[in-house]
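In what follows, a single structure is set out as structure tokens and then discussed.
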Amino acid sequence: MALTAALKAQIAAWYKALQDQIPDFIPRAPQRQMIADVARTLAGEEGRHLAIEAPTGVGKTLSYLIPGIAIAREEQKTLVVSTANVALQDQIFSKDLPLLRKIIPDLRFTAAFGRGRYVCPRNLAALASSEPTQQDLLAFLDDELTPNNQEEQKRCARLKGDLDGYKWDGLRDHTDIAIDDDLWRRLSTDKASCLNRNCHYYRECPFFVARREIQEAEVVVANHALVMAAMESEAVLPEPKHLLLVLDEGHHLPDVARDALEMSAEITASWYRLQLDLFSKLVATSMEQFRPKTTPPLANPERLNAHCEEVYELIASLNAILNLYMPAAQEAEHRFAMGELPDEVMEICQRLAKLTETLRGLAESFLNDLSEKTGSHDIVRLHRVILQMNWALGMFEAQSKLWRLASMAQSSGAPVSKWATREIREGQLHVWFHCVGIRVSDQLERLLWRSVPHIIVTSATLRSLNSFSRLQEMSGLKEKAGDRFVALDSPFNHVEQGKLVIPQMRYEPTIDNEEQHIAEMAAYFREQLESKKHHGMLVLFASGRAMQRFLEHVADVRLLLLVQGDQPRYRLVELHRKRVESGERSVLVGLQSFAEGLDLKGELLTQVHIHKIAFPPIDSPVVITEGEWLKSLNRYPFEVQSLPSASFNLIQQVGRLIRSHACRGEVVIYDKRLLTKNYGQRLLNALPVFPIEQPAVPDVIVKPKAKPARRRRR
């Protein structure tokens, strides 16, 4: 479809009208360029897909929504906007689209959040009730569900009143009533515990109401995991050919796709025997109490017992073999080099893939039949069996995927990382098996790039080391296929608005020098804190261990620090904002996740402290396998893997400081390798251009601490 004069005029008119809706709106050339590039791509005028890096301040969300909505209407398609986290998803749904509705009055939009973000009305009704009969409803749903106390009951009653009175849409983030994680776990549900159409509350269930709204919406705000799952199952969203797709925070997409290719499951022989026995009893119960119209052949007790016995024998053999490979210690790990399994193990995995898939099919067959049973049955008993069968289906589905992945030599032309772990839980030894595909470009090509005609991949950070090459390798997007890669200029004057401070540290932040380095860092940080020049500060760490050691060094000012994990992130940010706005000092302290999606403008954040260059963990089985594979191809893992990842992380961390034209401040990086190593200048060149200062660090005397024990990845 060509961009007609009428369509261009519509986009221009909406953009002009938008300026009247936003106070102090500043027209920006990068924003106009992005609108034009997005429009040309979605209309099919130029290229297949577009990867466009839009730095903070460009206004990327509105830059893709305006042309996206206009073209979706013209082509009678649905615009799907996908994000990587709930915060941005909710911002688009609750802020950006309502703003656009002021200039596009008939705009229809909805959000497709994950099931776990919505309240389960069945659970809410039971927890809100003071009637024992209502609470008894939950007895068969969750054996571990703890009874609510009076305070929780009152809170749930208020939530139920808001839900029934249409004052609340059922989303956790859309209520002012405080809900801690433990209570929300009981108020929400997951796929295995959902009765779906069999539930008495199905018609008014917030989750299913939202899913039904998708069919009528012009714009659907989703997340990457849901989009990937929807493309795989052809459910939830319209057909790919009827979509316009925008992947915001698109740098996360390869990781989300990799998560779909990451399987871990317990394979302890005794545990597995218990699960198989429970499933056999469940099948027998279903046959006796809710006999299906057509009996699956495998439901025959003798056949099922023989089938399960073969599964168990294979699992027991695999346990014995894996225990020979793992060290003698109770907690141990063994990774298979290049993901290559011994022939004996590979044969077991291939056989288990077939056997567990057959059990998955049997559970699915029973579940489909149970879901069609009429009200003539005991509803509580029926629902109990449905939920138990749902759980069995989920377990065998996960097992089937695990063994299929274990049976693969390669995925997307790269090895599948495979390893086993043995660990102690509640005094008992447990064995787990893990598989992760280290490349996902084939999956993305099949589900997205080949299926959806035109896709926009955007983020404030898509490049590392000033190059799109890492994104291209991980995602499978390529110029040869007609994909375009655009990097927009930042609208900010970083030279005038900030500076980069690299203190003259005596120690590099290596594992051997960690104690001395953190002591130096704490001394400089304390000096900055005592100067009282900055009210809003952020301290970012590459590891939880380093963060905890730092906190020990500054324990006397702990009350000023708002530390990741103390409370939910949104509450920490809210408290930080209140403190600074009331004239107090406040310091947010967190890990890499705090380097993304944190938007604190002006005085709310004027100094960012970065512990060190965040290279990927060297003890990760996935990273090690990828390194082995790269070496086998005569490629240097540090150049292909570690340095681009570190560059990307550093760009995001530094990007927390300048969020608007009014922002002023400095970024402190406690890593002298930026100035002493050959790669340091390359990392600096990929950052915004700041003037650099190198102040002295206070003298610190610290005794070297014993080298910390290496932690296993689980």
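A Cβ is built for glycine as well, from the same backbone N, Cα and C atoms used for every other residue.
When secondary structure is read from DSSP and collapsed to three states, T61 (ATP binding site) falls in the helix class. Long-range C-beta contacts of T61 (ATP binding site), restricted to its own chain and to partners at least six residues apart, with a cutoff below 8 Å, comprise Q91, I92, D96, D248. Sequence annotations record features per position, and here Swiss-Prot assigns ATP binding site to A54, P55, T56, G57, V58, G59, K60, T61 based on sequence analysis.
According to Swiss-Prot, the feature [4Fe-4S] cluster binding site maps to C120, C194, C199, C205, an assignment based on sequence analysis. DSSP classifies C120 ([4Fe-4S] cluster binding site) as coil under the three-state reduction. In sequence order, L187, S188, T189, C194, Y201, C205, F207 make up the list of same-chain residues 6 or more apart from C120 ([4Fe-4S] cluster binding site) whose Cβ falls under 8 Å from its Cβ.
The feature domain 'Helicase ATP-binding' is assigned by Swiss-Prot to 17-294.
Confidence over the domain 'Helicase C-terminal' (517-698), given as mean pLDDT on the 0 to 100 scale, stands at 95. Per Swiss-Prot, domain 'Helicase C-terminal' is recorded for 517-698.
As annotated by Swiss-Prot, motif 'DEAH box' applies to 248-251, with the evidence given as sequence analysis.
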Residues flanking the [4Fe-4S] cluster site, with Cβ no more than 8 Å from the Cβ centroid of C120, C194, C199, C205 and excluding those residues themselves: P121, R122, T189, L195, N196, Y201, Y202, F207, F208
For C205 ([4Fe-4S] cluster binding site), the number of other Cβ atoms found within 10 Å of its own Cβ: 23
Fewest other Cβ within 10 angstroms of its own Cβ, chosen from the binding-site residues A54, V58, C194, C199: C199
8 Å Cβ shell about A54, P55, T56, G57, V58, G59, K60, T61 centroid, ATP site members excluded: P30, Q31, M34, S63, A460, L488, P491
Three-state secondary structure, which DSSP defines for T56 (ATP binding site): coil
The motif 'DEAH box' (248-251): DSSP-derived helix, strand, coil residue counts: 2 helix, 0 strand, 2 coil
